[in-house]
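Q: The structure is given below, and queries will be raised subsequently.
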Amino acid sequence: MNKVILYCRPGFEKECAAEITEKATQHNAFGFARVKENSGYVVFECYQHEDAERLVKTLPFHELIFVRQMFVSGDLLRDLPPEDRITPIVGMLTGAIERAGDLRVEVPDTNESKELMKFCRKFTVPLRAALREHKILLGHEKADRPVLHVLFIAPGCCYVGYSYSNNNSPFYMGIPRLKFPSDAPSRSTLKLEEAFHVFVPADEWDERLGSGMYAVDLGACPGGWTYQLVKRSMMVYAVDNGPMAPSLMDTGQVMHHQADGFRFEPPRNNVYWLVCDMVEKPAKVTSLMSDWLIKGWCRETIFNLKLPMKKRYEEVSQNLALLRERLSENGIHAEVHAKHLYHDREEVTVHVRRFWSAVPGRRDER
């Protein structure tokens, strides 16, 4: 198995390919990316067979921006016989992996693949039974074991392989299944909800997304992101010259400041979260977020960077480098991650968590 299969949003294959090529080189793994426009996936073929498995195991998945999922695979299985599609798949996995903890039969996230989804659901049951019979898959799901992937890109054609549960997306097809809340002011609310799922571990939600916290939402109108904060019982400074949804104002948790988000300063020093989804040039937003973190006006921030039509990976990389450089120059210790979320379109979502050293009177971040 000398290939790494990477899922991405259709239309962002070039960005995904540029990213995996750069990251692989940094990990001394060399190869080339095969890209098919609007396919929703990229195939990175390694020159050395062992490098594909090593990348999937050691290249930190959470550091990848445009990649929704990744797994190591062999050659594409073509023209699977309708009377027995299972045997070639079992043969591909035999000797490559054993005692896996889960099976995902998936398709790329394209309109053309939707018809294949019905087949995948039906096919999963007999395939699972066969893999268990051959001891490739455990008799029960186990979260700390490798995950088997079968990606159908067309009827009778699939990539077969596996990923590691501690270095992959836990979601089917790499997509969190979120339901749009009927009382939310806009669909943009799903961006922030997905960001919480991706960037904040579930066992830390009570501590980092708890009730009673103070938050600031820059460019808040009509309140899609504010809604997520209010829903978690936070007090929110909503900053926007436009109107906020009356349903949010009626909660008593929202203080609406009709002001320019680039000039607003928090009226108190215990703001934990800063969120921002303003339509502005990425460099301008990055600079603003850096200022807030350097001044200690927030502890964590989630913000969106709107992408240009071309050189999108380069634009994101440049802004993240600028952000890290400014924080480092000012002695700020922080974690910085970015992801092209499922609910993002021509934008990337960035998360920064600042850590403080022990300071008298200040609760340390763990």
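Even glycines carry a Cβ here, placed using N, Cα and C.
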Q: Swiss-Prot has Cys221, Pro222, Gly223, Gly224, Asp240, Asp260, Asp277 down as binding S-adenosyl-L-methionine; which of Ser182, Ser188, Ser290 does it also list for that site?
A: Ser188
Q: Quiz question: given the binding-site residues Pro222, Gly223, Gly224, which has the greatest number of C-beta atoms lying within 10 angstroms of its own C-beta?
A: Gly223
Q: Taking 10 A as the limit, how many CB atoms besides its own sit near the CB of Asp240 (S-adenosyl-L-methionine binding site)?
A: 22
Q: Per DSSP, Lys306 (active site, proton acceptor) is which: helix, strand or coil?
A: strand
Q: Round to the nearest Å and give the CA-to-CA distance linking Asp260 (S-adenosyl-L-methionine binding site) with Lys306 (active site, proton acceptor).
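A: The separation of the Cα atoms works out to 18 Å.
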Q: Which one of the binding-site residues (Asp260, Asp277) has its C-beta surrounded by the most other C-beta atoms within 10 angstroms?
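A: Buried the deepest by this measure is Asp277.
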Q: From the Cα of Lys306 (active site, proton acceptor) across to the Cα of Ser188 (S-adenosyl-L-methionine binding site), what is the distance in angstrom?
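A: With the alpha carbons as reference points, the distance is 14 Å.
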Q: Where the record says Ser188, Cys221, Pro222, Gly223, Gly224, Asp240, Asp260, Asp277 bind S-adenosyl-L-methionine, what is the longest distance in Å from one Cα to another among those residues?
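A: Those residues reach a largest Cα separation of 20 Å.
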